[in-house]
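Asker: Quick one: the structure is below, questions incoming.
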Amino acid sequence: MKTIIALSHIFCLVLGQYLPGNDNSTATLCLGHHAVPNGTLVKTITNDQIEVTNATELVQSSSTGKICNNPHRILDGIDCTLIDALLGDPHCDGFQNETWDLFVERSKAFSNCYPYDVPDYASLRSLVASSGTLEFITEGFTWTGVTQNGGSNACKRGPGSGFFSRLNWLTKSESTYPVLNVTMPNNDNFDKLYIWGVHHPSTNQEQTSLYVQASGRVTVSTRRSQQTIIPNIGSRPWVRGLSSRISIYWTIVKPGDVLVINSNGNLIAPRGYFKMRTGKSSIMRSDAPIDTCISECITPNGSIPNDKPFQNVNKITYGACPKYVKQNTLKLATGMRNVPEKQTRGLFGAIAGFIENGWEGMIDGWYGFRHQNSEGTGQAADLKSTQAAIDQINGKLNRVIEKTNEKFHQIEKEFSEVEGRIQDLEKYVEDTKIDLWSYNAELLVALENQHTIDLTDSEMNKLFEKTRRQLRENAEDMGNGCFKIYHKCDNACIESIRNGTYDHDVYRDEALNNRFQIKGVELKSGYKDWILWISFAISCFLLCVVLLGFIMWACQRGNIRCNICI
């Protein structure tokens, strides 16, 4: 009879009709964490691809396609380069005394005056761009014995001949060109930028017809520097009907210093000075349209948001911009490790804890409880552990941005042909910096992701251990993130476990009694040995029946002949 009872008990267990803990005297409580059907793969220090519930993209890979005019003051060069505006090309007169944070040069810009070159073009362009102003002050230079205000048909201002408005072309007066020696002190408390030039005629005849002397000379000095230029007479490629050229030079005069100009011909004299300012203004080549909008970061492709720490839109930037990296994507984990919920668990879909899988549909928290008791099933989030994890993760993105955003601009680098080796070195340095930052960015994100996953796992374990300490011997760890509670635990009891007010002493006697009864069937009542012996006997009996049946079948077919001898 005891054997029959034991077999009946086992049969009920298999079919799930009588599960210890599923009756009114027991309950099951599982701890779990949030999960989503399709997570996001991120990289950590220990794993190239690990799935998390949520992640934030850190690389800005696209621009708005337009340059925002706020908060930076943008000056659109339109048809003018910065140097043409500086010299006073007639079609750039509208830029006189302009100011800017960023001067935007267009690919369609052109010169429309006397052909010129600037031996140190990049330095002059960068100097004026960083000053952020074309403020010009006219000074009373005295040029005695020469003709002033020379002009050319190649540089029309209105219907007649013209010239650069910031320069004064000096030629012979009657048949003489005396030696010029002019000084101009700087009695102000700021630097002054003087632009001057040297005319290179195309022929000797042009040289003498303009300056009398067969060869001129221009010397410009300060206490700190001196430049002497000898004109190079000779024909050059024709530009706007001219084969002669003007070379543009510049001199900075510090406060208390003196500008000295000495020449016996070929001088393109300054009319005054540009007031130099220090600042973070800059210049950028771009064909992106300028629009009314707000953006702190500008690239030649257009403005980009600076709410991400990295960007791969363009190396050239202006403003507070994300750091340029080579990667197209870097994802920062802002959620926990994702273990999608299994669709079926066991014969009747019993609940399971975090060790087996996560829980989908937990919209009110990252961590929580599920239970089965005499009143049914239920689920609730644990807001305290959820908030503890969120508080530590929320600041991650801002901290990464603070570490990486540049509060300065990366200007364009230009070099003349004779500075080719310097240009190559500069390119190598910039490429090395980008490689280094790209590596640092990947490492930084991997470290942060590792910390996030470890942190969220730790919060889950803390909640589990807290629950274990409350239940003590009143429940058994089922090994999958669940506890089998060996006493009647209604919804109020479950709530007390969740909020930390559970008193295990109240249920201790009931739990011990139920534990003994349930475990007795399994281990203490002798049923285990009976079950083993009965299973062995039945197996042997079935084996004998099968063997005997085979022998009888073989005898009937004549495959086996049995002789009985007496």
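Note that Cβ sites are derived from N, Cα and C of the backbone, with glycine treated the same way.
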Asker: From the disulfide entries in Swiss-Prot, identify which of C80, C92, C155 pairs with C113.
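Answerer: Disulfide partner per Swiss-Prot record: C155.
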Asker: So, in Swiss-Prot, which cysteine from C482, C489 is disulfide-paired with C493?
Answerer: C489
Asker: Name the residue from C68, C80, C540, C544 that Swiss-Prot records as disulfide-bonded to C293.
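Answerer: If we follow Swiss-Prot, the cysteine bonded to C293 turns out to be C68.
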Asker: Can you count the other CB atoms that lie within 10 A of the CB of C80 (disulfide bond)?
Answerer: 23
Asker: Where does C493 (disulfide bond) sit by DSSP, helix, strand or coil?
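Answerer: Looking at the DSSP assignment, C493 (disulfide bond) belongs to a helix.
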Asker: To the nearest whole angstrom, what is the C-alpha distance linking C92 (disulfide bond) and C155 (disulfide bond)?
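Answerer: About 12 Å separates the two Cα atoms.
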Asker: From the Cα of N38 (N-linked glycosylation site) across to the Cα of C555 (S-palmitoyl cysteine), what is the distance in angstrom?
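Answerer: C555 (S-palmitoyl cysteine) and N38 (N-linked glycosylation site) have their Cα atoms 64 Å apart.
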Asker: My understanding is the cutoff is Cβ-Cβ under 8 Å with a sequence separation of 6 or more in the same chain; which residues meet that for C493 (disulfide bond)?
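Answerer: C493 (disulfide bond) has long-range Cβ partners A27, N373, Y502, Y507.
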Asker: Would you count the other CB atoms within 10 A of the CB of C297 (disulfide bond), including those on all shown protein chains?
Answerer: 24
